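**Q** Please read through the structure below; I'll follow up with questions.
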């Protein structure tokens, strides 16, 4: 952040201002662009360390073995996201206003200063934190299972795997003992004891790359069981990504004045309505709705986590459909009436997307935290962020395809720069159709999914049942 601030503050680190009427502008030099990219690189490394870790580290402060601790974790996820959204609202309004209307240097220096005080606050609380000690790399253990299973791919599985697989006593203070499950049976071969395998007097395998424990195998199964649900959530992000981009273009072609005043709402600040809805809804849901649902369902969270994610996906489909309807209304007014549509017509769709995030994204955070093994909880948060990244690339690819398909041979491009010449409403309807198919896929994945710690014969329907 300091380096990024310097690119705006130091004249030699950014291009000179354009001359009058923008007739003569010079782009950045290679060295100026290199400094800027290096600043972004450092931001990426920093975010890669902070974002996957701060959520599970905060949840580690609660004891998941007590009822109050489990409720505390559920509330923490809600309030964490609420606080995060408030910060985003401030960034999307005050910080953007300072950068756009006062000074880029000041606009970048403010978050840099806040980050500095954030570091101080974090380290001041060091002696108060509950710190769970690591027990080695989970990726090494997962790699051992995959290699061992491949080496024994010709070995037959025993008839009674619960009794015949290599399952020594579990001594970890961090990771919960996982029972054997019958999904992904191929990985069970890593725990089959053959004549070539040797076991030490301590009960450990002599060659951990040939013989693994049932616990190691079940950790790998946990990871692969999550992939289908995770992939459906990647598709969920696409409507959010698309709407976050095109709502700005919609706002630019509407009347953004508040009432009869001359003040215009900045097009880039309309996302605040999304965040505001989320911020208001989370305390209401956490303090009023969940306790009532808890009485009905008997579930600590009111509804299961997968149900919560599913509700969010349904609301996103509704929001995308509403977006298509409002865009068609906006375009009709723009083409047939002298005055543009009021920008406040965009608020309902933004509110629906805010509700969708409150259900689905918070639910995903909690779902990954609970379903990943305890020594992979920072990986769980990273998986969520990875889903966002992949959906962004998928969204870009989809936009490129729509541009080429709808704009070829002189046809009307759905995503023309001038929305009045395009058909953004049809694009939204296409996205809603894809999201509907994804919801069906999510239902299938959710009904198939077996919660971590469920043994064979246990009820796997964590989506339908009130109690997981």
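Yeah, the Cβs are placed from backbone N, Cα and C, and that goes for glycine too.
Those TrEMBL annotations? Automatic predictions, nothing curated.
Taken from TrEMBL, the feature transmembrane segment covers 31-50, 79-98, 104-124, 265-285, 305-324, 344-362, 382-405, 426-449.
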**Q** Hey, which bits of the same chain come close to the transmembrane segment (426-449), Cβ under 8 Å, at least six residues off its ends?
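**A** Residues 225, 228-229, 231-233, 235-236, 238-239, 242, 246, 306, 309-310, 313-314, 316-317, 320-321, 323-324, 327, 402, 414-415, 460-464 contact the transmembrane segment (426-449) from elsewhere in the chain.
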**Q** May I ask for the residues of the chain that lie six or more residues beyond the transmembrane segment (79-98) and have a Cβ under 8 Å from a Cβ within it?
**A** 55, 58, 106-107, 110-111, 266, 268-269, 271-272, 275-276, 278-279, 282-283, 286, 358, 361-362, 365
**Q** Below 8 angstroms Cβ to Cβ, which residues of this chain, lying six or more residues outside the transmembrane segment (31-50), approach it?
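**A** Tertiary neighbours of the transmembrane segment (31-50) are 1, 3-4, 6-7, 12-15, 382.
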**Q** At a C-beta cut-off of under 8 Å, are there same-chain residues at least 6 beyond the transmembrane segment (104-124) that contact it? List them, or none.
**A** 1-2, 4-5, 8-9, 91, 95-96, 98
**Q** What parts of the chain pack near the transmembrane segment (265-285), using Cβ distances under 8 Å and only residues at least 6 beyond its ends?
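**A** Long-range Cβ neighbours of the transmembrane segment (265-285): 78-79, 81-82, 85-86, 88-89, 92-93, 96-97, 100, 244, 247-249, 251-252, 256, 258, 343, 346-347, 350-351, 353-355, 357-358, 362.
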